Amino acid sequence: MILVLLTLATSYEVTVFKPEGDYIFFESFQEYDWHLRWIPSKVSKYKGFWSQQDSPYPFGYKGEKMLYTQSSNEYYAISHKFDKPIRITNKDLIIQYELRFSNAIICSSPLIKLFSANNFDPENLSSSTEYAISFGHSSCDEKTNMTFTLNLHDPFNISKINEYKLTKIFVPPRDGLNHLLTLILHGNESYSIYADAEHFCTEPLVGPTISPLISPPRHINDPTEIKPDTWDDRKMIPDPKDKKPSDWDESQPEFIYDSAYPPAPWYSDESYYIPDPNATKPTDWDDELFGEWEPPTIKNPKCWGQIVGCEEFVPLIKKNPLYKGKYKPRMIPNPNYMGDYIPRKIQNPEWHGDIEPYALLPPITGIGFEFHPDDSSIGFSNIYIGDDIEAMRDWNNKHFFNKQYTQDLKSAMDSKKSRPADLKNEEIGLFTAIIHFIKEYVNIKFLSQFCVGAICVFIATKFYM
């Protein structure tokens with residue numbers, strides 16, 4: 001047990017910066033030379049300054065860095081150009097990045113974009129730069145959603161680009177911690193969306209969750225065809241033999257005043273407060289200076305104590321026991337029911353055969369961010385582009401979830417005001433990791449039998465006694 005704890009303690013500060021296995025592209029923004037790979041736009045309106053910074057408390061591990069925006073209400077644009085274009089075929093494509101809002105969210109859409117311009121130049125990046133995919137967190141005025149946009153070539157005009165957007169609502173976390181956003185374009189032409197590995201959806205790209213439809217149906221209802229007046233689509237009809245009873249009174253209102261009120265005694269001509277009859281006008285009162293003198297008010301003795309009430313009585317309303325309402329005959333199946341009217345089908349002018357979305361997706365030439373936030377200090381890290389889902393999961397398990405545990409534990413400690421005042425941030429990260437490990441995996445009896453030494457005794461007595 002001591003070996004496990006010592007191993008944990010000595011290895012806690014070791015950070016896995018890059019995933020194992022094959023991947024197409026990865027950027028952690030941990031290395032000092034990140035700025036050689038990521039180029040800010042030189043277009044004049046993009047004045048927002050980017051910087052590599054240590055993540056604020058609670059951080060996931062000692063020395064954690066992210067690429068941060070510095071101020072609000074500035075235009076930001078930064079990107080990386082791929083050495084060669086990425087083409088999506090029948091393989092899975094994973095797009096993933098970590099995002100952190102260090103401050104309360106006002107209005108920002110820090111989406112990751114995969115650019116498709118043939119002559120893509122990071123220095124000329126702007127809102128008009130062509131992109132194939134955008135994905136991420138969009139939040140404004142308490143409305144938060146995951147967004148996903150796909151730009152495909154028009155099958156009739158290859159030079160035209162059509163935009164397709166996600167229509168379903170998925171609400172990602174919006175606190176001040178790191179969150180992992182994942183989009184997977186599957187080789188079978190479906191897509192999946194995750195936040196912190198929580199599965200939001202898996203849907204076909206050609207399905208109704210993407211608007212407009214990427215692959216419209218071959219036939220549609222004739223929009224010019226109108227249902228005939230003689231078409232009867234009523235499933236149920238009033239029974240013509242069911243007549244209103246002769247004693248059915250429809251004149252009674254549904255609600256009536258309760259005749260039992262007002263209760264006695266009730267003085268409607270008395271007020272709850274009256275001028276004090278014993279008050280006298282001060283001798284030094286100047287009407288021209290102070291206005292006409294009015295005596296102070298006191299409780300009316302007639303309206304307080306055992307009395308029920310004073311002033312105008314507002315009668316209570318109750319359900320009328322005689323109310324029946326308009327008579328409605330019972331319903332019976334319609335013998336003339338013809339079913340729902342279905343117009344005739346015609347060839348859909350928008351149909352262009354069975355569409356393969358990836359065949360219309362332009363090659364991806366770059367990746368980056370271009371947005372105008374109302375928020376400051378938005379952090380990005382661990383951008384992952386790959387085609388191996390298992391390798392992605394292995395990377396997330398080894399890196400993100402350990403970091404998430406630490407952040408959550410630190411936040412919980414702060415909320416309970418149990419953060420040790422004499423410990424530095426990195427020491428807190430170590431202790432929270434140890435305590436989490438013990439509570440999750442170690443039986444306290446086993447710990448007390450085999451754990452020796454001052455630190456183990458401290459942990460056992462501090463957190464279990």
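Note: Cβ is positioned from N, Cα and C throughout, glycine not excepted.
Annotated compositional bias 'Basic and acidic residues' per TrEMBL: 219-247, in sequence order. Positions annotated as disulfide bond by TrEMBL: Cys107-Cys140. Look at TrEMBL and you will find 212-250 tagged as region 'Disordered'. Residues or ranges marked as signal peptide in TrEMBL: 1-17.
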> Cβ under 8 Å to the region 'Disordered' (212-250), counting only same-chain residues 6 or more beyond its ends: which ones?
Replying inline: 150, 152, 162, 164, 205-206, 322, 324-334, 336-348, 350-352, 354-355, 357
> What are the DSSP helix/strand/coil residue counts across the region 'Disordered' (212-250)?
Replying inline: 0 helix, 6 strand, 33 coil
> Around Cys140 (disulfide bond), how many other CB atoms lie within 10 A of its CB?
Replying inline: 14
> Helix, strand or coil at Cys107 (disulfide bond), per DSSP?
Replying inline: strand
